[in-house]
Amino acid sequence: MPELPEIETIKRGLTSLIINQKVNKAILHRENLRWVIPKHLSTTLTNQLISTIDRRGKYLLIKFKVGTLIIHLGMSGSIKVVNTNTPLLKHEHFELQLKNGTSMRLKDPRRFGAVLFSKDGSHKLLDSLGVEPLKTSFYDGYLYQKSRNKQQNIKAFIMDNKIVVGVGNIYACESLFMAGINPKLKAGSISKTRYNVLTQCIKNILTQAIEAGGTTLQDFVQVNGNPGYFTQNLSVYGCKNKKCYRCKGIIIKFVQNQRSTFYCKKCQT
């Protein structure tokens, strides 16, 4: 699933390609993804200028004077910018054709994504989101404060989008490894000092992933079609039975909260 680094990568790519461009027409090649795509987009967005492109958690926000297009890539979605005359590919379900002769196309094979619209930029899906991990609201002490009396494991805790957004499974595994924290520990049992270390590790891992263009395991590609290169920097995720580069111990894989967890039993205590 595309997480914060992947959406940030797409946001930056789109900003350089489609900002200040006018929409020729919005085309719904399918009526729905996870939810129904608003039919009025085909008329509402015609001749509208793309003013800014933002990100909130895993949501891409494309802003116009008349409102905000809210896009979520679901489990397998991707966005590309191509020449408008490029043949439509299978699973490309939504398209913004621009007056400069290019098109922004959303591909979503599993159809767990979403294309929504808000006149004022607000939406119930955005209202419950936690803090952004790369902003000052994610400060030393924040995770410690939120974790008091929490019985859930630390990995599930930092993946909770109501606490902090965008720390997906890959980045949770990598951050906990860098911080030397066992993913099985209860969130409420970890000291403030260790949480402060983890906070910095989350920031560092996400920043590195963004600089590498995200992580491609299966479906994710950047807007230019290139894969994300953070895959080459993974220390534990996908490294079952390989040697830990720090201690030469063996990386372990187990299922935790219905997700694969990778960690070094020796390094992470």
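The backbone N, Cα and C atoms fix where each Cβ goes, glycine too.
Within the set 60-94, 200-234, 235-269, the record from Swiss-Prot flags 235-269 under the feature zinc finger. Binding of DNA is attributed by Swiss-Prot to His91, Lys150, and the same site annotation extends, among Arg56, Arg110, to Arg110. Contacts of Lys58 (active site, proton donor) defined by a Cβ separation under 8 A and a same-chain sequence distance of 6+ are given as Met1, Pro2, Glu3, Leu4, Ile7, His72, Leu73, Asn161, Val165, Gly166, in order along the sequence. If you draw a 10 Å sphere around the CB of Arg110 (DNA binding site), it holds 14 other CB atoms from the protein chains shown.
Averaged across the zinc finger (235-269), the predicted model reaches a pLDDT of 96. There are 28 other Cβ atoms within 10 Å of the Cβ belonging to Pro2 (active site, schiff-base intermediate with DNA).
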